[in-house]
Amino acid sequence: MKADHLVSLVMVVTVINVMIFSVLVVQGELKTGFYSSSCPKAESIVRSTVEAHFNKDSTLAAALLRLHFHDCFVQGCDGSILIDSASGERKAVQNLGLRGFEVIDDAKSQLEALCPAVVSCADILALAARDAVDLSGGPSWGVPCGRRDGRISVSSEATSLPSPLDSVGIQKQKFAVKGLDEHDLVTLAGAHTIGQTDCLFFRYRLYNFTTTGNADPSINQAFLGKLQSLCPKNGDGSKRVGLDNDS
């Protein structure tokens, strides 16, 4: 992984840790080594599971970190993003393209066989995000555990997540509600240059920027042509494109 990617990972981890800390202050129950007695192999099983999937597809590292962030930004780090229901968070447009669910399911199945009804999915997700960053060459950290799984997941609540269509003012408001400042906003927005995105999230800038059928004039013409070839006007909106292939 490139050095600039590692720096971005460190910054994202810092912001997510701020979000987790705010939950700790409220709950006052989470602690590192939470499963040392009730399920001693919990963290090692999550780690080995993430590693097995990572070895097959290294892009899952960023996917798991993003999955954790999208979970924490809505209702806190309660695993509600994992609930697969017709009206759940993961069906919201803001969560289209989220990946890594199979990694969490895999770890959960193993832990249920070993320690039934002990390790929460929310904790598995938090641990998996840490291990994904570590496996990518980024930092590692102690994960306080003891979260309870959320049982409510509503797609409309995902509107609190930052959107590529939000103005800077709206983004600042969304972060302020979570106790995060402008530095945190720049950190997370900037870190999105790592990885890929779906054509549907930016295709309007290529063909209908001001609803008059024109492209965003701020896009370099050579780059515009490249993007249009990758994302045809009536093509597959779920096609993935690298966010930053040059830095």
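Glycine is treated like the rest: Cβ placed from N, Cα and C.
According to TrEMBL, the transmembrane segment annotation covers 6-26.
According to TrEMBL, the domain 'Plant heme peroxidase family profile' annotation covers 29-247.
Residues annotated as disulfide bond in TrEMBL: Cys39-Cys115 (among others). Cβ environment of Cys115 (disulfide bond): Tyr35, Ser38, Cys39, Ala42 lie under 8 Å away, each six or more residues apart in the same chain.
The annotation site 'Transition state stabilizer' is assigned in TrEMBL to Arg66. The Cβ of Arg66 (site 'Transition state stabilizer') has 22 neighbouring Cβ atoms from other residues within 10 Å, across all protein chains displayed.
Residues or ranges marked as active site, proton acceptor in TrEMBL: His70. For His70 (active site, proton acceptor), the same-chain residues lying six or more positions away in sequence with a CB closer than 8 A to its CB are Ile81, Glu89, Gln94, Asn95, Leu98, Ala158, Leu161.
Sequence annotations record features per position, and here TrEMBL assigns Ca(2+) 1 binding site to Asp71, Val74, Gly76, Asp78, Ser80, Glu89. Around Asp71 (Ca(2+) 1 binding site), a 10 Å sphere centred on its CB holds 27 further CB atoms from the protein chains shown.
The feature disulfide bond is assigned by TrEMBL to Cys72-Cys77 (among others).
For His192, the entry in TrEMBL reads heme b binding site.
TrEMBL lists Thr193, Asp244 with the feature Ca(2+) 2 binding site.
Taking Cβ-Cβ distances under 8 Å and a sequence gap of 6 or more within the same chain, the neighbours of Cys199 (disulfide bond) are Leu230, Cys231, Gly235, Asp236, Gly237, Ser238, Lys239, Arg240, Val241. Per TrEMBL, disulfide bond is recorded for Cys199-Cys231 (among others).
Taking the disulfide-bonded residues Cys72, Cys77, Cys231 in turn and counting surrounding C-beta atoms within 10 angstroms, the largest count is reached at Cys77.
Taking every protein chain shown into account, Cys39, Val74 are the recorded positions, and of these the Cβ with the most other Cβ atoms within 10 Å belongs to Val74.
For the binding-site residues shown (Asp78, Glu89), fewest C-beta neighbours within 10 angstroms: Asp78.
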